[in-house]
Amino acid sequence: NSSFTYETFCFLCRFKPRNYQYVLAFAFAIEEINNNPHFLPNISLGYEIHNVLHSQWRTLESSLILITGQDEVPNYTCRRQSKSVAVLTGTAWETSAQTGTLMELYKFPQMTYGAFDPMLSDSDQLPSLYQMAPKDTSLALGMVSLVLHFSWTWVGLVIAENQKGLQFLSELREEMDRNKICVSFLKMISNSNMGKLSNRPTYDLWTRETSPANVIIIYFDTNSVLDVGFHTGQHLVTWRVWITNSQWHPATFGENFIIDSFHGTLIFAHQHEEISGFKTFIQTVTPSKYPQDIYLTIFWSMNFDCTLSNFDCTLKNCPPNASLTYLPVSRFDPAMSDESYNVYNAVYAVAHALHKMLLYQVQMQPSKTGELQGFSPWQLHHFLKELQFTSPIGDQVILDEQTKLTTEYDILNFWNLPEGLRLKMKVGWFSPRVPCSQQLSLNEDMLEWGTGITETPRSVCSESCHPGFRKSPQEGRAACCFSCIPCQENEISNETDMEQCVKCPDHQYSNIQRNRCLQKSVTFLAFEDPLGKTLVGTALSLAILTAVVLGLFVKHRDTPIVKANNRTLSYTLLISLIFCFLCSLLFIGRPNTATCILQQTTFGIVFTVAVSTILAKTITVVLAFKVTAPGRRMRQLLVSGAPNYIIPICSMIQLTLCGVWMGTSPPYIDTDAHSEHGHIIIVCNKGSLTAFYCVLGYLGSLALASFSLAFLARNLPDTFNEAKFLTFSMLVFCSVWVTFLPVYHSTKGKVMVAMEVFSILTSCAGLLGCIFAPKCYTILLRPDRNSLPGIRDKKHSDRKKHF
């Protein structure tokens, strides 16, 4: 079988030392296809290379030459035997756009190998243009995921000022805002001076306006900032973390390269496997093997100190066994870049389209096999538009922009070693095709940070608020700048950087650190508590004392001082006081439904008996001194014992009030979770406060009536007139309960219960002391005054003093 050579490719590229790897990838792909007997049999691919300078005219001139073979007469071709059927352009979008405008007139297939550019994806303006690079739609998400992985929230941005840069900035800020990452500063890199090779601009990344940030995201665009050098004033920036895309690289030559400034940079590069054979191909590339490649000759002379002959462009005095692989990475990187990989896939894409066309012609004309006959380049579009194939390394390649797969990224760590030795080590990957929790994979043990950084750096505006604190925004600053405020009582924050503290449930309380809710312990005014013991001891002591007084009165029941003021009422009062003291014990101990009801009913009834007894005694005193003539109605009332009926009448009224209270809204068991820190207090809820105050109000009206009558009878003459003592006892009683009401409302929990018990004991003790203490004094210490002779002597002495 004879081999039919068909020139199929034109390669447009700006020749720079760094770009020469694109040419080698181009040549390697063509040789690999030509050496494959099962791919395009009997057909050899050829190519021609044009150096595209920084000139629109030169770009158009190269385009005319590849179409017509000359650049003087448009629409007239000098090509006889073969002509190109596809053109590869890149990496600058301007070159692709200018070439594409002319190519579109001839429907000439055009492949671009630069980064994907939305401006070239207009199918109406450039339908014959195919972008080989995958879309960088997930680049912003990947960088933000890396930032979140290390909890960096204060990030600076350096972005190329062009359409792609602005689009990336928009996507990046959207992701940063969604994840609460703040922009420390933003610097846009202008491209206004890029047209002048002799005047390469430099950008100072650190100025007075630049806020300090330990992490910087740099977005480079290949066509705009390849030759832009970055410097940092008079200082080496060795304490920063740089995150960038695969188009970034430090300056290769010149004074703009600062050792160690970009050591540890993290690079997001498109994920692809290593192409087997490419490094071997590079090792074998020499000017003698490719004598027609003038650019290889120039590149060789620049890097191996060869002498270039001006007569025939041959090399002399070159070192023996020179190879591109011997050069430091700063001069030639043998690892295939993203752009070179796109060139490799572009060649295979056109070859696959030619192969499909060949098969189609075989089907249509079986007699003519192995040759491509009579076709125009525009006919390739039918096969290119829906082309999908698997590259030799197993990657899926799709030319249709609508169905392109979301790209995955390798995360490379840039090691900037002395003497121009540079390495890009893979330390992780990012894939948007998997669940969020698995998108980022990173081997932190392999990471090299900037010079001088010994541990994972931090980049925050404000240090995190630890559990127990909440964030408080700082006025006029970014959301990442905040102060830490301790949580209030009974509130917690159990996570870092919480916006608000969380209130503990009623049955729990916050610990001292305010980072955990603890279970509250159930408590009540127990007999075992010191306060409970004190109140119980006081109540029992006073009850015993009252019983002793009662026994004393019973023992001396026939003495004048006991008989003088109706000893039956005195016995009744003392017995009711004993029950008053003992009823306070119902308020102590764990409450239950029975004790809650008995507390109020017993308190109301026994106190009513006591106060109504005092009222009866007061009325008895008043009636006794009003009896001035026999047969009067008052004498009949006194003799008949009418005042004694006051006690059951008043008690029945109180009993009725308590019955209505118990029937409508009785007291019940309740809990108080707020009065005492860390405790839930079991208390008796009054049920109806209105009924409770009615009971107290009724007691108060009886006490006020007793006080008023006793006050009016205080100056009535008699040896055993106790009106003064009754007046004073009622004054003490009313003072205690008037004081009780505001104090009762201002306290809660066990203190409230203790105050109620204290008021009961104090008021009863006041009645006992004011009424019966003088009588006991007379009975025990002055018995001479408690007999008829003693009484007569006292009256006789009083008359003498009067006269």
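Cβ atoms here come from the backbone N, Cα and C positions, even for glycine.
Because the structure is a prediction, the values reported are computed rather than measured.
The domain 'G-protein coupled receptors family 3 profile' annotation in TrEMBL covers 531-795.
What TrEMBL lists as transmembrane segment is 535-556 (among others).
As annotated by TrEMBL, transmembrane segment applies to 568-589 (among others).
If you look up TrEMBL, you'll see 601-625 (among others) marked as transmembrane segment.
Summarising the annotation, TrEMBL assigns transmembrane segment to 637-662 (among others).
The transmembrane segment annotation in TrEMBL covers 690-713 (among others).
Marked as transmembrane segment by TrEMBL: 725-745 (among others). For the transmembrane segment (725-745), the list of distant contacts is 611, 614, 617-618, 621, 696, 699-700, 703-704, 706-707, 710-711, 714, 752, 755-756, 759, 762-763, 766-767, 769-771, 774: same-chain residues at least six beyond its ends, Cβ to Cβ under 8 Å.
The transmembrane segment annotation in TrEMBL covers 751-773 (among others). Sequence-distant contacts of the transmembrane segment (751-773) (same chain, six or more residues past either end, CB-CB distance under 8 Å): 525, 531, 535, 538-539, 542, 545-546, 549, 570, 573-574, 577, 580-581, 583-584, 587-588, 603, 607, 610, 614, 675, 683, 722, 725-726, 728-729, 732-733, 736-737, 739-740, 743-744.
Within its own chain, the transmembrane segment (535-556) has Cβ neighbours under 8 Å at 525, 527, 562, 567, 570-571, 574-575, 577-578, 581-582, 584-585, 588, 754, 757-758, 761, 764-765, 768, 772, 775-776, 779-780, 786, counting only residues six or more beyond its boundaries. Across the domain 'G-protein coupled receptors family 3 profile' (531-795), mean pLDDT in this model comes to 83.
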